[in-house]
């Protein structure tokens with residue numbers, strides 16, 4: 001009867017207040033208090049990035065994920081039993097077996113009872129995994145989580161359609177192209193979308209080549225100066241009949257001949273094209289992971305945070321304009337955090353193509369000297385499920401105390417994700 005009275009608006013005020021309090025409590029069923037929890041990164045690591053069919057080709061994505069998860073937990077200095085849940089980004093899952101994140105998690109020795117989820121937001125997958133884990137921690141659903149991304153493009157299979165074999169034989173399709181690098185709406189390669197952006201914003205081949213050479217140069221300088229040392233978890237590879245091989249450095253940035261860059265033919269648009277194999281990112285293997293927890297959990301476990309998650313956002317545009325999508329995610333993040341672009345000490349804009357970074361620098365009107373200061377995917381490599389997590393990992397180590405860093409990555413289908421962190 002009381003419920004009926006509420007529906008008709010005649011219930012007495014004390015009873016109404018009681019019912020509303022119950023509803024408010026139910027609405028906070030995932031939180032122990034009415035405010036959101038602060039979320040911190042207590043460790044951040046990644047594997048070296050292997051070239052396509054290169055040093056890491058023997059390692060499936062799930063194994064790379066295992067190594068990153070293990071490395072993150074070891075660097076955090078916490079028991080594996082403290083990790084309540086794991087999210088990992090992974091894009092091209094064909095042939096990997098069921099539940100790739102579950103495989104990576106159990107391979108890392110976490111308890112059987114640890115829930116696991118694989119996230120696929122194309123190139124933004126690793127970053128989206130971090131964002132989703134942060135949301136779970138903010139609302140109090142969990143207090144310690146691992147998140148990141150993994151990809152082995154060297155191990156992606158070819159497929160053929162099911163059904164009767166047609167006259168003339170069957171056609172094999174490369175899942176790297178079909179599931180990773182093709183705009184399904186316009187039936188064109190991601191590189192053609194990049195060409196569209198170059199034309200729309202009047203970004204020349206010469207500008208893109210210059211940017212790519214700069215990326216390779218900055219990556220080499222950063223490696224020589226030890227800028228990546230703290231974020232790397234080495235990989236030991238067993239070779240039958242030979243000594244183990246330890247991979248502890250990125251492979252891709254060394255594979256460049258600057259004299260050939262301006263001479264390369266364009267790949268996606270033969271006439272008046274601008275995108276080449278040199279000024280685009282490459283196909284690669286690798287994984288990255290962070291240990292995230294609430295500030296209260298960090299105090300309980302007596303661990304020193306690297307950084308805090310300050311804000312994050314997604315954005316979406318026309319699929320063909322996916323290279324521009326970060327320019328729509330970034331303002332959302334700055335608005336949520338109450339910051340201006342001048343407050344950002346370091347920017348990471350994923351280098352899917354050189355034109356992506358040039359376009360977003362132009363649209364956001366940000367200082368190029370603060371963008372990808374240690375190189376990016378053009379020179380380091382772009383394992384697509386890993387890259388969004390990798391740029392967050394790098395900011396967590398590269399920033400100085402009190403500085404803000406903003407990482408953003410575009411993804412196929414017209415999307416982008418962005419994460420703002422503050423170094424602690």
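Cβ atoms here come from the backbone N, Cα and C positions, even for glycine.
Going through 119, 122, 378 against Swiss-Prot, the one listed in the K(+) site together with 216, 277, 278, 280 turns out to be 378. Nearest Cα neighbour of residue 187 (N6-succinyllysine) among the listed recorded positions (242, 256, 257, 277, 410): 410. Residue 280 (K(+) binding site) falls within a strand segment according to DSSP.
Ranking the modified residues 242, 254, 265 by C-beta neighbours within 10 Å puts 254 at the top.
Calculated from their C-alpha atoms, the gap between residue 260 (CoA binding site) and residue 220 (N6-succinyllysine) amounts to 18 Å.
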